[in-house]
Amino acid sequence: MTIYTFTSSEPHIAIVGGGIVGVILTLGLLRQNVSVRLYEQSAGFREIGAGIAFTASARRCMELMDPAIIDALRRCGAVSVSDKVADEDDHLRWIDGYNQHSKAHPTYQKPLAEICGSGFQGCRRDQLLEELAKHIPSGTIMFHKRLDTIQQGKDHKMILNFVDGSSNQADAVIGCDGIKSRVRQHLFGDNHPASFPQYTHKVAYRGLVPMDRAIEILGTWKAHNFHHHVGPGAHLTHYPVANHTALNVVVFLSDETPWPDSTTMVSKGTRSEVEKALQGWHPTVLGIVNLLPDELSKWALFDQGEFPLPHYSKGRICLAGDAAHASSPHHGAGACLGVEDALCLSTLLSQVRTTLTQADEGSKDKSESSMGQLLEAAFETFNLVRRTRTQWLVNSSRRVCDLYHQQEWADPIRCPKAETCFEEIRDRSYKIWHFDVDGMLEQTRT
């Protein structure tokens, strides 16, 4: 394990939230010899065992931050659709999940569209966090630290107060504490609508299916490749994880009713609820649903779409990942853009550290003032570089789900209209996948 050394004149960063983005940002800062400590409210890393996928551009961001991040991704069984553009399997595919087009071949599903997937790689969230944590030095992560308030001390330090009564200091704070971000609430106040996420009127039922069972329903080729099954008011997505030993399955349903409890985004659900909602769908879709456990978690999908954040930073406090731009998962890119955030921030804060170590420090008061100005400027630059792209993702994710759930899929006369949506989906997807990482880094230097 690499040993990192820091001096007291260099900035010390506090990261709140030990999810994927918080841990990757911690590794990126450590790689740049930026002093950092990560605070996580749980007793340990808490990510669920659901699947997560990263684009080629997101993995390039990981590589630029620290090659150990990519190594961790590979060790936890990340599997690729393909990194070869010419590979016939390197596609995301949309197929008709509702209509039966051939009575003679009841398992046949009409292909609707395919888009070059640009090298998506998927794995389990919990396994990735476990592997990433192996690269973080002892003492860098503090568990059981639920943030209460943030104050600025007389010495310009940021004081983090935790609900257990303890406090810690830092020169700057980055909130990576997810969709329910306490740091976001601190920045905007409890009365600002952007402080809290909003219900998108979509729910998701997630589960992992053994690959051998999935092959019995889907066939070998379809089971080992990414597919969306679309239809009226719902869609089912699946892709392989864990070195192709399991199939990650997610069923998304439209829900016109209000979510009953705004304090929690998950409730108990059942497979029978999904089967009822998908009554009349293609038998292949129903066959995959039948492989899910009887008891399921029902996840309400919230985002920042109704009230986007007007800015991502204020003073020496900044937001990144879902804390800044929580999105519904229909592009499968929320974590990818969070990784882009992490590269941008680690680059900017490395520049702050370099400037401070090269400058004539002068008096302590001058040094503290200079550090504060540099940190605030770094966070303002992050806001300028990242906000437009990430807020676009929030809106675009809602849009593509609406296209997946068109009622026209169930109408033979109107179905051809629904099928025209894929040109729009292609354009939106390419904007995410073919990201100019070098251009982003150049913006941090201007």
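From the backbone N, Cα and C atoms, a Cβ is placed for every residue, glycine too.
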Same-site residue for FAD (record: Swiss-Prot; known: GLU40, ALA53, ASP322, ALA335; options: ARG125, ARG414, ARG426) | ARG125
Lowest local Cβ density (other Cβ within 10 Å) among glycosylation sites: ASN33, ASN243 = ASN243
Neighbour count (Cβ, 10 Å) for ASN395 (N-linked glycosylation site) | 14
Which whole number of Å gives the largest C-alpha distance between any two of GLU40, ALA53, ARG125, ASP322, ALA335, the residues noted as binding FAD?
-> 23
Once the DSSP letters are reduced so that anything not helix or strand counts as coil, what is ALA335 (FAD binding site)?
-> helix
Round to the nearest Å and give the CA-to-CA distance linking ALA335 (FAD binding site) with ASN395 (N-linked glycosylation site).
-> 16
On a count of neighbouring CB atoms within 10 A, which of the binding-site residues GLU40, ASP322 is highest?
-> ASP322
Nearest recorded site to ALA53 (FAD binding site) by CA-CA distance, among recorded positions ASN33, ARG206, TYR239, ASN243, ASN395 = TYR239
